[in-house]
Amino acid sequence: MQKMSFVLFGATGDLAQRKLFPALYNLYLDGKLPDTISILGLGRAERSDKEFQSKVEQSLGLYSRRPVHAASLPAFLEKFRYCAFDATNMDAYDRLHELIETREDELGIPQNRLFYLSVAPGLVDLITSNLHASGISQQDGWKRLVVEKPFGTDLETARALNHKLSTVFAEEEIYRVDHYLGKPMVQNLKTLIWANPLLESVLNHQQISNVQITASETVGVEDRAEYYDKAGAIRDMVQNHLLQLVMMTASYLPVNLRKTTDPVQKTDIIESLEPIMKELAHQHIVRGQYEPGEIEGTSVVGYKEEAGVDDSSKNDTYFAARISIDHPSWRGIPFYIRTGKRMNEKSTQIVIEFESPAEDSHGLQGLSPNLLVLEISPNESISLRVNLKDPASDRFKPVWTKFSTDSHDQPEAYELLLHDALRGNSTFFADWKEVELSWKWTQPLLEAFQEDLLPLHLYPAGSTGPAVVNELLLPGKLEWW
Ligand code: BG6
């Protein structure tokens, strides 16, 4: 891999400690970092290089998926340098420029520079334009910009942000992180059907009833109330992660694949999502907020009692929707999506439900629909549910068969994504068209929420969400899996 500088803005923040340093270390252990790389950490606090390196070491002890090897550690830490940095002060960019060049000279690195922005959203365009103004991003080698979500807070702000970034970086130089695209099972979707013609043969209009995508969490708002109370589940999870899962599922598992001459693109799918008008949003969307309850035997407070949350907050911590995709591959097959905090379990999965034979067609009792379940987290697996006759009762019973690779040593999403960014592969990053169209679809819903056109349903922490969500499904016919 090419020699490069990796400039990390926000190096004293939570994401760097929990995800980025451990990911870099595990890539290093796997020989997937460039042999020569200068990693510059930037943060507001004053810190020496040594202090910074010991923070990196601490984070590995706490969060690395593999144990820290004493022997390999010094050479890894030696790649790191620190620079106290105030993004609003132009002098700071000059100092940074000097440091980048000094390290490039010391290590014989050409001017290949990757800028990773893990900073408050309000700083992204400022840093980008100052990188340009200071000349840091106008060098001879290549440049890349990796940006964390949120990418804007609505359609207009996202467009404005993109416009600013695009004056400094070309689209192919911008890597918008959606860490759900880094999850191994999500990446697997891309080739699953090609690798398993058996699956392809069952994915067709006659047999699929609906698709359900769930991302449920047991955690609450944690210490992120300031951000979350403005974002809500719709901006935090739906506009990005869930719509990316819809795009990945619908473009890589399309029904009638063989009849489709051109591969279905993710943008084809997001472009084909039927818009939901804000006045009709109540027919397609359920939004909710958690009340006090119990998670794994421990009492937890309701959302409004969380530190930093306004006690009259109408913010959504739960979101579910029925979505129609007006594309030949999926026309007539509804997608149901839902996500929530403080739910009964942590689970992300895609369930494809097949049509089931009518109960009385051959005097058969106890039939349930066949299901194909792609489990994304906490474990990764593919399961199939079929009906088997139970000799004792002479009724059918649903039974499961489960396939998994049995690998307990899966790379984390951030390892896969960082590795791709380092080698210039943007396949699993969100491109601008996808982001823009996701915001476009979400925008009327944001307005419906803001104008209070939808009720906010309360649900007890530790439950499966508001009961009213069942009304999104065909009444009496379907259930949430
Ligand atoms: C983040 C959201 O993007 O994804 C968090 O900001 C959420 O609120 C997290 O908890 C969920 O990610 P994962 O990988 O744990 O499902």
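Every residue, even glycine, has its Cβ placed from backbone N, Cα and C.
Bear in mind that TrEMBL entries carry predicted annotations, made automatically and left uncurated.
Among Glu200, Glu217, Glu222, the residue that TrEMBL places alongside His179, Lys183, Asp236, Lys341, Lys346 at the substrate binding site is Glu217.
Arg44 (NADP(+) binding site) and Glu217 (substrate binding site) have their C-alpha atoms 32 Å apart, to the nearest angstrom. Checked against ligand 1, the binding-site residues Arg44, Lys183, Asp236, Lys341, Lys346 give Asp236 in sequence order as having a Cβ less than 6 Å away from one of its atoms. Its Cβ placed at the centre, His179 (substrate binding site) has 20 other Cβ atoms within 10 Å. Set side by side, the binding-site residues Glu217, Asp236 differ in how many other CB atoms lie within 10 angstroms of their CB, and the most is found at Asp236. Counting only the Cα atoms, the space from Glu217 (substrate binding site) to His241 (active site, proton acceptor) is about 13 angstrom. Considering only the residues assigned to substrate binding, His179, Lys183, Glu217, Asp236, Lys341, Lys346, the longest pairwise Cα distance works out to 20 Å. Annotation for Lys346 (substrate binding site): same-chain Cβ neighbours under 8 Å, separated by at least 6 residues, are Ser216, Glu217, Thr218, Val219, Ser377, Pro378.
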